[in-house]
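First the structure, in the form of structure tokens, and then the observations on it.
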Amino acid sequence: MTTPILELRQATKLYGGVPAIEGVDFSLAEGEIHALVGENGAGKSTLTKVMAGVVSLSSGTMLIAGREIAPRTPLEARQLGVAMVFQENSLVPSMTVAQNLFLGQEKFYNRLRGIYIAAQQFLQSLNFDVTPTATVAQLGAAKKQMVEIARAVLHEAKVIIFDEPTASLTPEEKKYFFDLVRELKRRGVSVIFISHALEEALLISDRITVLRDGRHVVTDATANFDRARVIQAMVGRDLSKTLYAERKAHVRPPGERVLTIENLRMAPMVKNNSLSVFAGQVTGVFGLVGSGRTETFKIAAGILKRDFFHGGEIVLRGRPIRYLTPAPAVRDGIAYVTEDRKVEGFFETMSIARNVYIGLLAKLGRRRPLVLAREAEAVGKKWIDALNVRAIGQDVKVVELSGGNQQKIVIAKSLVQEPTLIVFDEPTRGVDVGAIAEIHQLIDRLAEEGNAVVMISSYLPEIMARSDRILVCRQGKVVEEFSARDATEEKIMYAAIH
Amino acid sequence: MKPLRITQQGIVFSIFVVLFAGFAVFLPGFLTTSNMLTLLQNVAVLGILGLAMAIVVIGRGIDLSLIAALAVPPGVVLQLVQDGHSLSYALLLAALLTLAFGLVNGWLIAYAEVPSLFATLASGLFLAGLGQAALFKLDVVQWSPGLEGFEGLGQGAVLGIPMPIVMFVGACIVVAIFLRRTRFGAFIYAIGDNPFAARSSGIPTRPLIVLQYVLAALIGMLAGLVLAASVNSMPTRIYNSTLIYDVILVVVLGGIGLAGGRGGVLNVVIGTLLIGTMLNAMTIMDVSYSGQNLVKGVVLLAAVIADSFLNPRNEETAQQGDI
């Protein structure tokens, strides 16, 4: 057997003492397409980030073409021939395609005409249908990805890593993407491919590696796998079976109609969206990135504003509402738990208790002019216990916690405001498996207590397992509604992408 | 066990202790009661301004118009009294002017969403220009008999402690209570830490930003009154001096990060004490003005670099611990 182009031995990466990957062995042969699959939080992203130099290993070794080396920055990795195409792409939106391709390699005198011609020739040689003079911001998701791939090839990458490349692509674009990947393979480039979509992994890859809870489970030729075997390897444990049970045992009936949205518009993301949310059940909202699902509920919570003219109607318990800021929405009992907790979730310089207490202060407003240290402590302690936050003490700063515990704090900060309509946006993104189960139980419990719960997710098994009612968003509006009883993954996916 | 964290605040405080001890031992005439009082008196106005700046910086802003708020409203007080109005009337009018000025600053930053750096740079220039062009007859607004008794604010003493120090200590206590014990204070920290999270938690971020600039302007005016009362005039040209840089120096040196959400009154006090000690010692040692600036610059750079090494802002690098 020839030397693998890239190899990891006993790779371990700790985040704040918690292993994201632990003792993983991985090898990539030259010119192979290697699929990396696993549940959310299985360590796929961490593993590839190590290879791409985004994070460095806590212990273990990495070999490139048989030579022991560990890239410390993405630039070093690129120089070693390892390029990563991220979920959120790393192009400069205001520059043209050609400028992005040659970014960082410009000559001292940067002649635009020259790079346009070079880019045109290069893109043609790859058979990519992208105009080099187009601004990246104007391109669709698939074309952006092409530019990313072209850039990786241009930099003579020997290994290209794709993190969820197909998540935001339409079926035609996906087919085109697969052709691209095969073309890369023909050129002798090795490809690592992270995907939630098992069919894709089975279709395109030569070998599949399954990770679970940060550990390596199995690596084998794709021919020896079928869907059932991959799922078995991914899930493996009882916990995961209860997490994403195929179907709910019973569907909760709708209670009072809490929120009605009619013809909501916010150019360009939300287009004539209409939907209802009922008390006492979990309304799952599924949609791909850019389907307007997050924006719709951010408008309802006063975080974003709808169009001033023809913006549509939002009715909360029979009362039309139009919030200019989130403060009145909070007073009316609407909570939005963000999908991006680092950017808009918590206060990183503050302790756990203070984070939660700020939520309470914001709700109480005038009724609590002074900060009561004893109350802050009690509230912090109560919610740490209630949500089972694992931390050394309540004075620990939130940044020092793991993703799951951070998410619990963000949830506590909202729940302390005693909301009756709670919107969870991707509640388990970047959350460890144990905490996922707890957050799911919490979501169920909130619905049982009679609250209206909305759960936005782009992870189908999560939607399937937790929702009583499923709304599917596409291109700015809800296009289909299912009862959890008769929804299937295929039906939901079909509605979301066609 | 939690590892011992070395904060910038700690570094600056230890530098202060080392310097102070060094001067006390080696510099004759440094450690005397009268010199200590002089030291404090000289930095009291700077310290009060530091408190005003701290409120704004904690809320992730900056107020470059503080010196205008220091110079113009007290100048107006002196001018009005000189023109024959009563002191209380003059004070009321000046306070209203300051209030309006703070509101405009806050409105520009919170509602018109002008970056605080530009908004306050422009508004400060405007107010200072307005004062010099339209309100004052001379660049140095002179003392007049109608101000009888007012000089006590700068020259009096309580229990032998000079009034400027008393005012600084009083302002410290009030601002500390405001920041640490009131809801508004907690919200200002929240806004400075993460404005998006603060907003979506239901904190009225815009009114609170306005409040910060109103408070800053009012505290700036207080500093100006103390200054005018101690020198028996209001040298409005102080706006053209480098005082604003000293204020920023005090705040940053004390460890109130410009990124917002960090630090408090204690940091202002530490920053002020260090600057006060350095300036006082250098004056005793007869270091030239330019030499003093040189030393200040080096100290500030050292503090900022030490901070970025010890407390890396990026979470990813913090976790790796390899910076």
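Every residue gets a Cβ built from N, Cα and C, even glycine.
Listed in TrEMBL:
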type     : residues  : note
TRANSMEM : B:12-31   : transmembrane segment
TRANSMEM : B:37-57   : transmembrane segment
TRANSMEM : B:87-110  : transmembrane segment
TRANSMEM : B:117-136 : transmembrane segment
TRANSMEM : B:156-179 : transmembrane segment
TRANSMEM : B:208-232 : transmembrane segment
TRANSMEM : B:238-258 : transmembrane segment
TRANSMEM : B:265-285 : transmembrane segment
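Between the transmembrane segment (B:265-285) and the transmembrane segment (B:208-232), fewer than three CB pairs separated by 6 or more residues in sequence fall under 8 Å, so the two stretches do not touch. The recorded stretches the transmembrane segment (B:156-179) and the transmembrane segment (B:37-57) share 3+ CB pairs below 8 A when only pairs 6 or more apart in sequence are counted, and are therefore in contact. The list of residues near the transmembrane segment (B:37-57) in space but at least 6 beyond its ends in sequence, with Cβ under 8 angstroms from a Cβ of it, reads 63, 66-67, 69-70, 116, 161-162, 164-165, 167-168, 171-172, 175, 178-179, 188, 192, 212-213, 215-217, 219-220, 222-223, 226-227, 230, 243, 246-248, 250-251, 254, 256, 258, 260, 263-265, 267-269, 271-273, 275-277, 279-280. For the transmembrane segment (B:208-232), the partner stretch with the most Cβ pairs below 8 Å, chosen from B:87-110, B:117-136, B:238-258, is B:87-110.
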